[in-house]
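**Q** To start, I am sharing the structure in question, which I have written as structure tokens.
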Amino acid sequence: MQLEIVVCLVAGKIEDRIRLPLDATEEELRACLIDGTVLCRILNKLCPGSVEMGGSSDPGFANVKRFLVAVDELGFPRFDLIDLEQGSLVPVLQCLGALKSSFDFGFWGENSKHLTRTGSDLLEIESLKGIDRSRGDISKFGQQCTQNREETQGNSVDSTSQVTDPSADLVHHIGQQLKQGTFVDFSDAKILESIKSTSLDNASTRSLFNVGHKILDDSIDRNNGDVPHCVAYLLRKVMQVIEQRFANQAVNLRIQNNIYKAREEKFLLKIKVLETLASGTTEENEVVLKQLQNIKLEKFDIEEQKKLEEEDAVRLKEEKYHRDSEISTLKQELELATSRHESYCQKLEANAKEAKLQLERKLRELESILTDSKQNQKELEASLENESGRWKNKERTYQSFVTYQSGALQELSGALESTRHEILKTKRSYSEDFNYLGLKLKGLTDAAEKYHAVLDENRKLYNEVQDLKGNIRVYCRIRPFLPGQSQKQTTIEYVGENGDLVIANPSKQGKDSRRLFKFNKVFGPAATQEDVYLDTQPLIRSVLDGYNVCIFAYGQTGSGKTYTMTGPSVSSTDDWGVNYRALNDLFQISQSREHSIAYEVGVQMVEIYNEQVRDLLSSEGPQKRLGIWNTTQPNGLAVPDASMHPVNSTADVLKLMNIGLMNRAVGATALNERSSRSHRLYSEWRGFLTDILLIVLP
Ligand SMILES: Nc1ncnc2c1ncn2[C@@H]1O[C@H](COP(=O)(O)OP(=O)(O)OP(=O)(O)O)[C@@H](O)[C@H]1O
């Protein structure tokens, strides 16, 4: 393949042939085009006079610069000088491709027609499209040219239509994206990029119409009536390119028209000259005739050419008419699409506003949540810090504790070792002592046996002393006047140390006006609870030695029986009466003897009222009567039928007494009426015995 064909193609005739081999490299092509002469010639042949060409001796790249200025003015894609100098040749080839495309379209009028006749050469330019533009592979370009030549040999103008259109890729690309709906997602910048990358300006007008149709067909196929913004933009771009081309074409037609008019005037002038010559000499006429024949021949050629051009003009007009109608249809569709697109845009804007509001609301919510979270985080961090501080303190404490313990352990193990030695030593001495003590123990056992015998003797003697003191002892306690009785006259005239008591009876005269009573001891009004108990205490030991003991209080109502036997209050031990003190001693002595003797203590609580005996601790209730009180019965005051309750401490007795007292209160009737035999004994002295309490120890 030779580049000269490119030159021939656009120049119409071969001048300054520059030969390039078929497998020309990129550098060979660059060397061919570098001075700009070839480029200027191509452009001048396409559009005569569009570039003023300097000589090949012009300094620098003057011709290239002129070519680029002219290309800019004509609205073709350009390339930079640097591309031709050392960069990629792809932009250069794209520029030539655009020139060729405009040629296809017949944009260049006369020249284009000339060129269309050189169909095979045209294919060489077509082969420019065969270059892998992205890689600028020139060798491929050569092979493609050869291939195209072979394929299209014998074909003329029509073969151009079979050659791949540069914008076919664009149509296919746009169709694919419309089908996939990916255009909808494109931004304007992306669409622009896409349009640039697919060389919309280089596309043929037919292809641009195809693009328009494709967009509209796909828009109808998609059935939703909406034309995406980017598609509308592309459509507008296509329309602009087509309009620009038609405008350029109209300008060109006007230029050609002017050229034709000038030529016509020139021919008319020539005809006039010929007519003038017709009236001249024969020699002159022969010369003129020869010239005339030449002119006729020339005229015939011109007429032929004119006829062809007229046909072209008609064809172009028709084509223009069709394209005008297509343009108006496209414009209408474009307007429709624009209005749809605007409404779609408005809808989108409304949606976007709503979405923005929602997002702002969500953002506020999220911000508040974030603030809360930060607060929580701070609190958690603070508590974590406290906790970790606490745990560190604990750790330190435990650490020191462990250190201390391990020290103590070491000490203990040392002590254990020494103790072990000590034990062994002690064991040895113990066995020695044991043998020694065994002997001693035998002596002690003998002594203990003797001691028990002595103890029994002692006990016997003690109880004999108690007997000697009297089996029945009667004590008298004088109750002090109660509050409010201070004005009362006392009936006690004399209290003897030996137990004598003289009572005065003011109602009687003479010898009967006073009477002497003899007791074991008389306690005065100032005697304490302890004083009263001291005489009773030795008898408690006799109880534990197996003797029967009975302590009871006898006296008129209000004489102080309960006070003496129980006490005014239980809370203070000083107030305790005979009962509590006796029980306390009973348990103390029994505990002190527990190693040698086991005692069982039981409690009965009965009430004798109107000679009727009632069991106050009976499980059958306080109303249970045990029979008639009879002082002559063999058991004396003991009541074998009353229930017995085992006790181990004074507290147990107190509990039982509370129960008994409660039962007594529940069962008591007509307490005020007293007619017991005992009362009758002292009825004679009732009036003046109210301050006397008898304590009887049988
Ligand atoms: N030695 C005393 N010192 C001070 N107050 C006493 C003394 N003896 C009795 N009293 C008081 O006299 C009042 C009557 O005493 P107490 O209830 O003991 O009589 P009682 O003989 O038990 O009467 P009853 O037969 O009606 O039960 C009580 O208020 C008591 O505190």
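Just so you know, glycine gets a Cβ as well, placed from its N, Cα and C.
What TrEMBL says about a protein is an automatic prediction, not a curated fact.
In case it's useful when we look at the structure, here is the feature table from TrEMBL:
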BINDING   Gly555, Gln556, Thr557, Gly558, Ser559, Gly560, Lys561, Thr562  ATP binding site
COILED    292-319  coiled coil
COILED    345-383  coiled coil
DOMAIN    1-104  domain 'Calponin-homology (CH)'
DOMAIN    471-698  domain 'Kinesin motor'
REGION    144-164  region 'Disordered'
**Q** Would you mind checking how many other C-beta atoms are within 10 angstroms of the C-beta on Ser559 (ATP binding site)?
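**A** Other Cβ atoms found within 10 Å: 20.
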**Q** Would you identify the secondary structure of Gly555 (ATP binding site) according to DSSP, in three states?
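**A** The residue in question, Gly555 (ATP binding site), is strand (DSSP, three-state).
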**Q** Determine the minimum-neighbour residue: among Gln556, Thr557, Thr562, listed as binding-site residues, which Cβ has the fewest other Cβ atoms within 10 angstroms?
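**A** Each of the binding-site residues Gln556, Thr557, Thr562 was scored; lowest Cβ tally within 10 Å is Thr557.
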**Q** What binding-site residues in Gln556, Thr557, Lys561 place CB under 6 Å from ligand 1?
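**A** Result: Thr557, Lys561.
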**Q** Which secondary structure state does DSSP assign to Lys561 (ATP binding site), in the simple three-class scheme?
**A** helix
**Q** Highest CB neighbour count within 10 A among the binding-site residues Gly555, Gly558?
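**A** Per the Cβ count within 10 Å, the most buried is Gly555.
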